[in-house]
Amino acid sequence: MDILLALLPAIAWGNILLVSVKMGGGAYSQTVGMTIGALFFATIMYVFTQPALTMTILIVGFISGLFWALGQVNQLKTVEKLGVSTTVTISTGMQLVATSIFGVIAFREWTTTTTIILGTIAILLIVVGVVFTSLDDKENAQPPGQLKKGLLTLIVSTFGYLVYVIIIRWYNIDGWSAILPQAVGMFVGAVVLTSKHKPFNKYAIRNALSGLLWGTGNLFLLLSLPRVGVATSFPLSQTGIVISTFGAIVFLGEKKTKRQLIFIALGSVLIIGGAVLLGMTKA
């Protein structure tokens, strides 16, 4: 039962991009819509849990949310260039590598020979997985420069997600306390980043559903952490890439050749394998 609970964040987060694309709209209205849903969810959660909110929690949580908005809007812009199935695997891989390297440098996470070996193998697996999932095929090649533009946009996205995660940990703020300030920062950040593109339309309202999914995934992660621990919950939460990747191919009709499907499957397995090894370094 506890493992099932730990899998629920992956199910929720794995469906976010699928729902966003299905709801329609561009990256800007999708991002604003997600933050509307997330803010609504966070407000409800705060009413029921009422964690203590110090000035540090309010400021740091707000800043964290701003950077989440930077990460999300650029991830969705990449989806427009590369599609969900390619974007989500590369993005997940980049985030895992970035947070792991920063964790080693800033928090001295890998302090034993075993964790150094496991962590190094994990990063290599993830990097190879990212390369596999981004391979083009002559029959289904991206337009010239499209992959490069997408990767550059994902680097900005990864930076946003990295700060979103790291700043909360740097100030040792627990997830329950951070939810509401983060959601406020997410909404404000989304509005600031998208205001020139008139994001408030029917698609923004529709995409509130994806924001509710984000909040639901967050809730289940917080509930599962004390039950199964970080070493188990962390890699399980990353398995959502399987849902996103193959859901995009099956339900969104993204076209892939047989060769691409094989490499996407292998890449996804390698990235999840890397996430499992990273989870072991946190045990």
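Cβ from N, Cα, C; glycine included.
Here is what Swiss-Prot records for this protein:
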type	residues	note
TRANSMEM	4-21	transmembrane segment
TRANSMEM	26-48	transmembrane segment
TRANSMEM	52-71	transmembrane segment
TRANSMEM	84-106	transmembrane segment
TRANSMEM	110-132	transmembrane segment
TRANSMEM	151-173	transmembrane segment
TRANSMEM	178-195	transmembrane segment
TRANSMEM	208-230	transmembrane segment
TRANSMEM	234-253	transmembrane segment
TRANSMEM	260-279	transmembrane segment
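For the transmembrane segment (52-71), the list of distant contacts is 31, 35, 156-165, 167-168, 171, 173, 177-190, 192-193: same-chain residues at least six beyond its ends, Cβ to Cβ under 8 Å. Through the fold, the transmembrane segment (110-132) approaches residues 89-90, 93-94, 96-97, 100-101, 104, 263-264, 266-271, 273-278, 280-281 of its own chain, all at least 6 residues removed from its boundaries and within a Cβ separation under 8 Å.
Beyond the ends of the transmembrane segment (178-195), by six or more residues, the same chain brings 28-29, 31-32, 34-36, 38-39, 41-43, 45-46, 53, 57-70, 72-73, 164, 168, 215, 218 to within a C-beta distance below 8 angstroms of the stretch. Across the candidate stretches 26-48, 84-106, 208-230, the maximum count of CB pairs under 8 A to the transmembrane segment (260-279) is reached by 84-106. When Cβ distances are compared across the two stretches, the transmembrane segment (26-48) makes no contact with the transmembrane segment (151-173), since fewer than 3 pairs at least 6 residues apart fall below 8 angstroms. Against the transmembrane segment (4-21), stretch 208-230 has more CB pairs under 8 A than any other of 84-106, 151-173, 208-230. If you look at the transmembrane segment (84-106), the same-chain residues 6 or more away from its ends with a CB under 8 A from one of its CBs are 17-18, 21, 75, 78, 119, 122-123, 126-127, 129-130, 133-134, 150-151, 154-155, 157-159, 161-162, 165-166, 170, 238, 241, 244-249, 252, 254, 256, 264, 267-268, 271, 274-275, 278. Here the transmembrane segment (208-230) has Cβ contacts under 8 Å with residues 2-3, 5-6, 8-13, 15-17, 19-20, 23, 30, 33-42, 45, 175-176, 179, 183, 236-237, 240, 279, 282-283 of the same chain, all six or more residues outside its ends.
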